[in-house]
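Q: Pulled these from TrEMBL:
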ACT_SITE  Lys81  active site, charge relay system
ACT_SITE  Ser156  active site, charge relay system
ACT_SITE  Ser180  active site, acyl-ester intermediate
DOMAIN    25-474  domain 'Amidase'
Amino acid sequence: MSDLTHSTAAELAAKIHAGEVSSVEVTRAHLDRIGAIDETVHAFLHVDTDGALAAAQRVDDDVAAGRPVASPLAGVPLALKDVFATEGIPTTCGSKILENWIPPYDSTVARKLRDAGVVVLGKTNMDEFAMGSSTENSAYGVTRNPWDLDRIPGGSGGGSSASLAAFQAPLAIGTDTGGSIRQPASVTGTVGVKPTYGGVSRYGLVAFSSSLDQGGPCARTVLDAALLHEVIGGHDPLDSTSIDAPVPPVVAAAREGAAGDLRGLRVGVVREFTGEWYQDGVIAAFDQAVEALRGLGAEVVEVSCPHFDYALPAYYLIAPSECSSNLARFDAMRYGLRVGDENGNSAEQVMALTREAGFGAEVKRRVMVGTYALSSGYYDAYYGQAQKVRTLISRDFERAFGDVDVLVSPTTPTTAFRIGERVDDPVAMYRADLCTIPANLAGTPAMSVPAGLSDDDGLPVGLQVMAPALQEQRMYKVAAAYEAARDKAWGGPLINRVPELEVAAR
Ligand code: GLN
């Protein structure tokens, strides 16, 4: 076990900036670990060895010359979900249709990371176009959960979450349209944050469902997630939905929370998030987490958000509708794959052949569902209805936040399921998002923090903390306080219980 790969981002940054260790050494340690174990985990689709070492060298040069470093995370390695455009570096979105596509520009998130001196190690595996809950919908093979290699690492950002749990990177970036940051965090025992919609620029983030998509930070600790949140957040004139307001003070909140005092804080337990789909061990771990919050001085009350029961069906109309429109751009003319243009086929035939060959089954299913839901005569019955449900869910949140400061729930109803277990049952797959989707529909922030291990299978459980729009500092404070109490109760960070992976002979 290497100290460098098993440190937090905050620890690494402090050492790099003090000149105690170089960013190049830290970066090499992570690249070596990726080289040694990624054949097993398969978190990465592309590793940018040269780019990472060059970025690390620039930070080391700053430190050596006594210049101020570019940001509090300068020199720290990170794994980037392959849905963000990166200039000169392949960006596939886990799809064959974008195989070998090399973007001519950087997404705002990628640019901010570079400007901050964060070392991007490479691009991580994901469900195709971020549609899925297991990373099994990637066209490039499954990613394995480091806690149990026969299980899924969550999705769609399973590569990012697995890279953290496998100590291949201390930081990662995900995107969360219906839960793709939080659910992978939950099942890998890591931290994942979906910011307020518009809090992190979507410029250069390949669109799935534009009214829901949101990039956010992933890490092994709450403080690390907060540090990354402040690097990637903030207004971007290139994204018309980006919020023109300062990033909430999440780093200060995480530090304050670590002191472990939640007196005066009101926590609402969402009554609707329980029932037949919830694993006993998940509910038990969640109940213990709520007790821990009480122990920290929080006042805990039960609240009802009755329309949350309709969130899943509403999401599975809205997200496919928007995706059917967004994915029309993959037309064989502008990006990536082109099939059948050598046989005198018409442009229309080339488009059809390319989309047939380039999209996987889940993407096709969603394009068809969405096209149907938007078609004339059905619009009011499906898409229109779903939009009304969305309003009701926002009102549930508003009412609840009139009474409490934050809401809590399990992040996802079960622990990591087995690879293959749900591939033939789309609805069972969709149920992984039961607790995460309401925050996407309302545009409010939410995060997952590890809440111990389930006593029925020994796998990680996530505590979801939700806050009102632009009040991220509340959930960071609660999560940091809980994390400190949990580490005390478990005698150390939970993530250190990940079984050590067999390092492949090289
Ligand atoms: N699992 C959800 C879906 O399949 C959420 C995906 C996401 O957040 N990108 O749509």
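Placement of Cβ uses the backbone N, Cα and C atoms for every residue, glycine included.
What does the local environment look like for each feature on the list?
A: The Cβ of Lys81 (active site, charge relay system) has Lys123, Thr124, Met126, Gly157, Gly159, Ser160, Ala172, Ile173, Gly174, Thr175 as same-chain neighbours under 8 Å, each 6 or more residues away in sequence. DSSP classifies Lys81 (active site, charge relay system) as strand under the three-state reduction.
For Ser156 (active site, charge relay system), other Cβ atoms within 10 Å of its Cβ number 34.
Cβ neighbours of Ser180 (active site, acyl-ester intermediate) (same chain, under 8 Å, six or more residues apart in sequence): Met126, Asp127, Ala130, Ser133, Gly154, Gly155, Ser156, Gly157, Gly174.
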Q: Could you check what DSSP calls Ser180 (active site, acyl-ester intermediate) once collapsed to helix, strand or coil?
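A: In the DSSP reduction, Ser180 (active site, acyl-ester intermediate) maps to coil.
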